[in-house]
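**Q** My questions will all concern the structure given below.
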Amino acid sequence: MTKEAGELNALKNRFRTDYCGQLGLDGEGREVRLGGWVHRIRDHGGLVFIDLRDHTGICQLVVQPEREELFELAGRLHAESVITIEGRVVARSSETINPRLASGSIEVVVSAIGVESHARPLPFPVADEVQTSEELRLKYRFIDLRREKIHENIIFRSRISAAIRRYLEERDFIEIQTPILTSSSPEGARDFLVPSRLHPGKFYALPQAPQQFKQLLMVAGFPRYFQIAPCFRDEDARADRSPGEFYQLDMEMAFIEQDDLFEILEGMFRHLTDTMSKKRITRFPFPRISYREVMDSYGTDKPDLRIPLKIEDVTPMFTDSGFKVFASNTKPGCAVKALVLKGRGTESRLFYDKAEKRARELGSAGLAYIQFREEGPKGPIVKFMTEPELQAMKDQLTLETGDVVFFAAGKWEAACKIMGGMRTYFGDLFTLDPDELSFCWIVDFPMFEYNEDAKKVDFSHNPFSMPQGEMEALETMDPLDVLAYQYDIVCNGIELSSGAIRNHKPEIMYKAFEIAGYSREEVDLRFGHMIEAFKLGAPPHGGIAPGLDRLVMILRDEQNIREVIAFPMNQQAQDLMMAAPSEVTGAQLRELHIRLDLPEEEKK
């Protein structure tokens, strides 16, 4: 544990006068009291050395054999027992200085030991961070949290939360807590429901996000709102998503445009990175990429811009081609996409077989490619192409001998996504700088999309976003061409948040829902309280809600979100430490007027 991670102002009492990680040569000769956990014990031929650990770090204790009772007691201590000691700070000899410890220039010669708590043998060691199953780590999370790396992750999370609060309060944001018990919404993920004892048959829902409350705060006249809000969604776990609950930095501002919000967020992320991390932001202000452009060039709306590959559109090249597979995908709504790997045209057959396997996993029927070798172009589709077509391709894509180009063809979105998946797959060929933070904004999302299953126009993302062009756009444009004031912020391929400038004008909202097939009565039934509020004086407003868990993950170089949460659930949405979820008594259910109707397999 580093001094930086756990620096404290000493609280002097009968247990301690100082902290382990903060002792140094400036304390030489002082009598001190320390309290903490036994990290390691070593018997070195007549001297017992104890590594004592507290929140700030480790300090080496020395127990001398002349003090027989102390020496005997020290020899009986187990790792992770909690002790308090008294002793004198002495300088280490030059050959015994430990540069890995903040207190490595001193040690404490012990004059008294008090055992506050004997520790039984642990389910896994703390001092030696051996590989331990996640199930065991989560069951004994209070022990796992003693380990240095995860302990520092939780400290870092606390400090970044405090830094966010300071930053926003300096910019006139007001922290407001919104309700945890609210009403269920049919949109989005599944709700966690809470039965009401006072209102039998009715349920509260835990909020998936404080979305409606924060917009109503704008209507209430609060100009800038934020909170670090718990959110609850009954959804499956992923490496970057915790099941059940997560925390987000929820923000909303009145009388703003999109650029105003971008300026606030970019400044905050730069401040946090510069002051709390060794990482660096490569481009500032953050690049802004339209949804159409990001799909065309990166095949995903969550691009990792560190990967030095871009997708090229080669559709016009195949309009009159004799290669019918590609020619048939040059009509409107379709595309032929290409991805060039420089200098990889001589890879083994296994390289291409693995790439094709990945393409099939992404939904492609196969993976067409052309290698440009010394002896000429090679590959499964070369025989279908003419010399002029091959030369035109070399010219457009600036191909050289030794390069290889991969293709995907089909509906525009499908072709983009397949090439985007291959871009990420080939990203492993490059050494990406883990300290580089490549942020970008994805903007200009389409307001509507065509729902193939329902055979109708539907909202593509957030139905409450303001359409670009407002009412005029809705009344005069093809719905599929209308763009929304929606935006995502992405870093290194991870989406940190979505946000939008909200639609605060009821007539525009009614019109947008009408295009998506909803009557005015349906809109009033579902969202009447919001529309009623907007009819009583609503300012233009917009917001965003970056995930705190994901932000800490990125800044701490963690691949799994459970490493930055103090008490996470496992992937089956279970808290193994607290044995949740659990059964409740029949009396509790009767009080709530609930009768269980379990699936057959659960009854056994």
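A Cβ is built for glycine as well, from the same backbone N, Cα and C atoms used for every other residue.
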**Q** Among 115-118, 211-214, 271-274, 279-282, where does Swiss-Prot put the label region 'Aspartate'?
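**A** Here Swiss-Prot associates region 'Aspartate' with the stretch 211-214.
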**Q** Suppose a student reads Swiss-Prot and sees ARG233, ASP234, GLU235, GLY547, LEU548, ASP549, ARG550 listed for ATP. Which of GLU175, GLU293, GLU495, GLU601 should they find annotated at that same site?
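**A** It is GLU495, as the record lists it for that site.
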**Q** For a quick check of packing: other C-beta atoms within 10 Å of the C-beta of ASP549 (ATP binding site), how many?
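**A** Taking every protein chain into account, the count is 21.
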**Q** Specify the nearest of the recorded positions HIS44, HIS461, ARG502 to ASP549 (ATP binding site), where nearness means the distance between Cα atoms.
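**A** Going through HIS44, HIS461, ARG502 one by one, the Cα closest to that of ASP549 (ATP binding site) is HIS461.
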**Q** Going by C-alpha positions, which of the recorded positions (HIS44, HIS461, ARG502) is nearest ASP234 (ATP binding site)?
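**A** With Cα distances computed to ASP234 (ATP binding site), the winner among HIS44, HIS461, ARG502 is HIS461.
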**Q** Within 10 angstroms of the C-beta of ASP234 (ATP binding site), what count of other C-beta atoms is obtained when all protein chains are considered?
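**A** Other Cβ atoms within 10 Å of ASP234 (ATP binding site): 15.
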**Q** Going along the chain, which residues six or more apart from HIS461 (L-aspartate binding site) have their CB under 8 A from its CB?
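**A** In sequence order, the residues whose Cβ lies under 8 Å from that of HIS461 (L-aspartate binding site) (at least 6 apart) are PHE445, ALA484, GLN486, SER498.
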**Q** DSSP on the region 'Aspartate' (211-214): how many residues come out helix, how many strand, how many coil?
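**A** Its residues fall into 4 helix, 0 strand, 0 coil.
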**Q** Distance check, please: Cα of ARG233 (L-aspartate binding site) against Cα of GLY547 (ATP binding site), rounded to an integer number of angstrom.
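**A** Just about 14 Å between their Cα atoms.
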**Q** Which residues does ARG550 (ATP binding site) neighbour through Cβ under 8 Å, counting only same-chain ones at least six apart?
**A** ASP240, ILE494, LEU496, ILE561
